[in-house]
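Enquirer: Per Swiss-Prot, active site, proton acceptor is recorded for Lys168, His287, and the stated evidence type is sequence analysis. Taken from Swiss-Prot, the feature substrate binding site applies to Asn116, Thr166, Lys170, Arg288, His320, Ser372. The Mg(2+) binding site feature in Swiss-Prot is assigned to Lys194, Asp196, Glu197. Positions annotated as N6-carboxylysine by Swiss-Prot, on the basis of sequence analysis: Lys194. Look at Swiss-Prot and you will find Lys327 tagged as site 'Transition state stabilizer'.
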Amino acid sequence: MAVKTYNAGVKDYRNTYWEPDYSVKDTDILAVFKITPQAGVDREEAPAAVAAESSTGTWTTVWTDLLTDLDYYKGRAYRIEDVPGDDTCFYAFIAYPIDLFEEGSVVNVFTSLVGNVFGFKAVRALRLEDVRFPIAYVKTCGGPPHGIQVERDIMNKYGRPLLGCTIKPKLGLSAKNYGRACYEGLRGGLDFTKDDENVNSQPFMRWRQRFDFVMEAIQKAEAETGERKGHYLNVTAPTPEEMYKRAEYAKEIGAPIIMHDYITGGFCANTGLANWCRDNGMLLHIHRAMHRVLDRNPHHGIHFRVLTKILRLSGGDHLHSGTVVGKLEGDREATLGWIDIMRDRFIKEDRSRGIFFDQDWGSMPGVMPVASGGIHVWHMPALVTIFGDDSVLQFGGGTLGHPWGNAKGAAANRVALEACVEARNRGVAIEKEGKAVLTEAAKHSPELKIAMETWKEIKSEFDTVDKLDVAHK
C-alpha cells in the first residue's frame, strides 16, 4: 500500500482541480459559470479556483486532505469555452460528485455553488449560468406540491390559460376594500386574484382580516358565476412559525391556494411550505421578488434559468416567469427556454435559448409559468402564443385600470383570451393576426372595445439588459 505524503504550502489550483480529460458521470451535478478573471489570472487557474472553493479546496494545502479521498469528492473544472462577442470572460464547466450535497436540499446546493466562491479575489466577476441536476438528485427533492394537471383538476379549468389579476394599489387598501376589489375581478371573469409580493400583515391591513374578506369575495363570486375561483393569499411572514400559522388559517377557511416569496422568504422556508401544501391539498403560488438583484447583471450573479430549476426542486405550483412583451425585461428565446425548464419533463441542450445541459426531471410535476407585469388586452395574442395553455396570464393594471371598473376590466380580458384561444384552435396565426382577432371580438364586447381604446398607445420598448450570449441558430 502506497504511503500518502503531505507537502505543505500553496499550490496552483489547476494542479488539482483542472481536469480537461475528465469524463462526466451521469450522477454528477454540472455547473457552467461565466468567469471574468482578474488581470494576470491564468485561463485554467480561474475555473480551477472556482471548482476548489465551491467544493473541497481552501487557499493552502492542509494535512487533513490525507484523511479523505480528495480525488473522489473534489469538484473538477473540465471545459472552457469562449463567450461569443465578449473576450473579457469565458464559460467554465465544473462537475461536482453528487455526494457533496445533502439529498433534497437546494439550500445546501446553493451554499456550495453560489457561496463564498462569489467573493473570491481570483475572479473579478462570476455568474452561474446553468446547472444540470442528475435524475439521482432530482428524485430526492419533493418538487411542486401538485403540478399543472392536478391544479386544473382542482380548479376544473381546461383548454386555455388561466386568467389572473394582482390587486392594486398593492399597498394601502383596507381589508374590506381589498376584498371588494377581488370580488369585482372574480365575478367579471378572472380565475384568480392575487396579493402582491409585499402584501404581508401591515397596519393598514392585517393578514387575518384580509384572508376573511378575500374568502368572502371568492365564495360570493363562485356562487354567482358557477366557476371555481381563487386568490393567492401571501403567507410570507417574519418567521417560519408565523408563516405556517397563516397557511393553516387559509386552509381552515377553505382557500384553494396560498403564496410565498421564495427568494426573500428563503429556500428552507419554501421547501417546508411546499411539503406542507402537498400534505394539506393546497396549491402554492411563488413570487420571485428580489430575483433581479441576482440575475440582471450579465457578468455577475445567478441566471434566472438556475433560479427556475431551484424552485422546481424546492417546490411551487406557479412561478412568475416574465412576459417578454410587458414592462419587465425578458429576452424571448431565453424566456421560452426557462418556461420549458419549468413545465417539461425533459429539456435538451439548446444554446440558442441559453440552455447548456440536457435536464431530465423524471416524473417530477411541472410548474405553471405566470406572465405578469405591465400587460393589457393588446398583448393577449402574443401571450397566448408564447405561453400556451399551461400558464397564468396575470393583468393587474390591465384589469383594474379599465375605465368602467374592475369587473369590466376582467370581462375584457376574458373575452380577449377566449377569442385568441378560439382563433388559435382554428389555425389562425394569432400573434400576426391578433389585431383582427381582437377587433372582431370587440364588436360583441363593449368592455373589450373600451380596453383596446384605452391602452392602444401603451408600449414597453426598452431594450433588454440581460441578452443571450449566443447567436440564435
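From the backbone N, Cα and C atoms, a Cβ is placed for every residue, glycine too.
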Enquirer: Could you find out if DSSP has Asn116 (substrate binding site) as helix, strand or coil?
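Expert: Helix, per DSSP.
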Enquirer: Between the Cα atoms of Lys168 (active site, proton acceptor) and Asp196 (Mg(2+) binding site), what distance do you get, rounded to the nearest Å?
Expert: 8
Enquirer: With an 8 Å cut-off on Cβ distance to the Lys194, Asp196, Glu197 Cβ center, who else from the chain surrounds the Mg(2+) site?
Expert: Thr166, Ile167, Lys170, Asp195, Asn198, Val199, Tyr232, Asn234, Met259, His287
Enquirer: Could you tell me the C-alpha distance between Arg288 (substrate binding site) and Lys194 (Mg(2+) binding site) in angstrom, no decimals?
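Expert: Arg288 (substrate binding site) and Lys194 (Mg(2+) binding site) have their Cα atoms 14 Å apart.
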Enquirer: Taking only the Cα atoms, work out how far His287 (active site, proton acceptor) lies from Asn116 (substrate binding site), in Å, as a whole number.
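Expert: Computed Cα spacing between His287 (active site, proton acceptor) and Asn116 (substrate binding site) is 26 Å.
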Enquirer: Quick one: Cα separation, Ser372 (substrate binding site) versus Asp196 (Mg(2+) binding site), in Å?
Expert: 11
Enquirer: Note down the number of other Cβ atoms within 10 Å of the Cβ of Asn116 (substrate binding site), including every protein chain shown.
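Expert: Counting Cβ neighbours of Asn116 (substrate binding site) within 10 Å gives 10.
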Enquirer: Just how many other Cβ atoms lie inside 10 Å of the Cβ on Ser372 (substrate binding site)?
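Expert: For Ser372 (substrate binding site), the count of other Cβ atoms within 10 Å is 25.
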Enquirer: So which one is it: of the binding-site residues Lys170, Arg288, which has the fewest other Cβ atoms within 10 Å?
Expert: Lys170
Enquirer: Tell me, which binding-site residues from Asn116, Lys170, His320 are within 10 Å of Glu197 (Mg(2+) binding site) if we use the C-alpha atoms?
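Expert: Near Glu197 (Mg(2+) binding site), where near means Cα within 10 Å, the binding-site residues are Lys170.
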Enquirer: Could you tell me which three-state DSSP class Arg288 (substrate binding site) falls into?
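Expert: Its secondary structure by DSSP: coil.
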Enquirer: Given a 10 Å Cβ-Cβ cut-off, pick out the one of the binding-site residues Asp196, Glu197 that has the most other Cβ atoms nearby.
Expert: Glu197
Enquirer: Quick check for the class: what is the C-alpha distance, in angstrom and rounded, between Lys194 (Mg(2+) binding site) and Asn116 (substrate binding site)?
Expert: 36
